[in-house]
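Positions annotated as domain 'ABC transmembrane type-1' by TrEMBL: B:115-325. Annotation source TrEMBL lists transmembrane segment at B:20-44, B:56-78, B:119-140, B:152-173, B:200-222, B:257-278, B:309-335.
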Amino acid sequence: MTRRSIQNSVIPYVVLVLGSVVFVYPFLWMIATSLRSLAGVGSSGASVWPHEFLWSNYSRAVTSFPFWRYALNSVLTTVIPIVGTVLSCSLAGFAFARLRVRFAGVLFAVVLATMLLPGEVTMVPQFMLFNNLGMVDTLYPLILPAFFGSPFYIFLFRQFFARMPSELADAAVVDGCGWFKTFWLVYLPLARPAVVAVSILLFMGYWNNFLGPAIYINSDKWKTLPLALAGFQSVNGTDTPLLMATSVLITIPCLVIFFVAQKQITNGITFSGGK
Amino acid sequence: MNPTIGLIRDWAASWGVPAALVPLVPFLLLLIVLYAVIGLAAYGAQRRWPRADKTIAFWLFVSPWLIGFCLFTVGPMASSVYVSLTSWDLITPPQFVGLANYSEAFQDPQVGQALKVTLLYAVISVPLQTALAFLVALLLNSELWGMRFFRTIWYLPSLVSGVAQMVLFLWVFNPQYGLANDVLAHFGIQGPGWFNDSSWALPTVILMSLWTVGGAMVIYLAGLKDVPTNLYEAAALDGAGPVRQFWHVTLPQLSPIILFNVLTGIIGSLQIFTQGFIAKGGPKDSLLFFVYYLYDNAFQNFRMGYASALAWILFVVILALTAVTLRGSAFAVYYETEMTRKRRRR
């Protein structure tokens, strides 16, 4: 190896290692703090070795407030919306990619335009809509809109379907398959990488959603985990180990999903429409 | 609640529908009626024009989005215009007040503060995040040993998001017991008050936002992998070194993805909420982000009219920033067209 090429690979390495330490440090510190006692938090400063292993912080986190009830609400407002979004967006994405009829282009332009529309503009009137429907302080406002598509994911699915050969559709239709069967039996199974990638992105979004529950949920029994943690922070703001243990517990599902499906996150996302 | 909806709910409850499902019944009935009409129309159209199956399928497939678009976007936006011209607390009927909400907003010092804080956050954090994410993606794109491990490390923090992230960083930046000031103390530096200091609170949130660049980094990495290798080979043949290859191949090829990330970054940063909510606006309103102020007016003070006016102001700001970004990027972004692609293949 020449001196030049050694230099070229050493410098990035040093930068990467230093950066990684800075990045991963707060994460390790969170875990370490979640295992300390209150007195230990005050004396240990920046150390990421806990020195004491108070697993009881975790059992306190689960029992000191109705953790499992909130977890159930979080699961309900995550899993059902994922199914809804994937169904509605893949259907629309397929239509925009493969059924190029009149007005399809115009409508797709509308989809792209709404991607730039901030949800906050419709936040107040949407609240009134759900208020009229008598759904305030239930989980429904956090679940139902997902079944009506979301522009960003329609766009992602369209890009994915546009990359798949159109001969597939022609062949299926010639064989007497209707359009829905063509979509359901031919295209959707082949779009598995996209479905997985979108589901993971959606999971992170719905699981950590805070604005929605903050608007719609008042009573204790419908609180989701992030909403409960925020309330917990303002009431027990000084019990650091307990707060960190709860934060770790909220993060664990995201970690598990990330490590199981690490590859799919980068494989399923394509931005270019051509082959 | 709407009286008709109330009647339907009572009716559903009298049939023994479980209490948790009762609120769903009116909505489901509405959908069933809607789709019965759509289904009949599709059936009729199919019999009348047997060869229009593609068109019918298209409209059926996009119907969920179309209904949602009308119900959750167009309808609310239209009614939002009206509500912004009224004074309404949700309990007594709305009273028409003309443009009073808007003129109040322009005189409200907190609106000015909220706009200032939010715009500063967007204008500073988005370029920093973009630069960092892109730089890290470039470093991680090499074929050196252990890159998969580093990719995981850099992505890991983006998994701690929203409330958990804010709760964690309130402690990382705790002036007394926090991680940041302890590290600084080792170097003999007396750390600032971070979130407790009104002049440090916003920079602290910006710093915190850099922790989660992993999401954007993954997108850049995917883009870097898509750059055709023959472009680099051609550039190398023409005598371009790594630096010129970066400026003339990598950057132009990735410019659409950068633009996409910057745009979504700007929109996302203008919508920042959780940090402001948990810090309760920060000391001296230093973290009074616009959406938090809007939320506070709508759902704490129940000033629906005023909040709607604020929402429209935010909309105009986002639109303006998006337009500026798109205008400014027009000369910098390279879009591959059919023609250039063919030319390249040749």
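Each residue's number is its place along the chain shown, starting with 1.
Here the Cβ of each residue, glycine as well, is placed from N, Cα and C on the backbone.
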Checklist outcome for this item: Contact set of the transmembrane segment (B:200-222) with the rest of its chain, CB cutoff 8 A exclusive, min separation 6+ beyond the ends, reads 117, 120-121, 124-125, 128-130, 132-134, 136-138, 140-141, 151, 154-158, 160-161, 165-166, 169, 173, 192-194, 254, 257-258, 261, 265, 269, 272, 275, 279, 282-283, 286-287
Item to check | Any contact, the transmembrane segment (B:119-140) to the transmembrane segment (B:20-44), with at least 3 Cβ pairs under 8 A | outcome: no
Item to check | Long-range environment of the transmembrane segment (B:257-278) - Cβ separation under 8 angstroms, sequence gap at least 6 | outcome: 118-119, 121-122, 125-126, 129-130, 133-134, 162-163, 166-167, 170, 205, 208-209, 216, 219-220, 223, 287-293, 295, 314, 317-318, 321-322, 325-326, 329, 333
Checklist entry - Who are the long-range neighbours of the transmembrane segment (B:152-173) in its own chain, taking Cβ under 8 Å and residues 6 or more past its ends? => result 136, 140, 179-181, 194-195, 204, 208, 211-215, 217-218, 274-275, 278-279
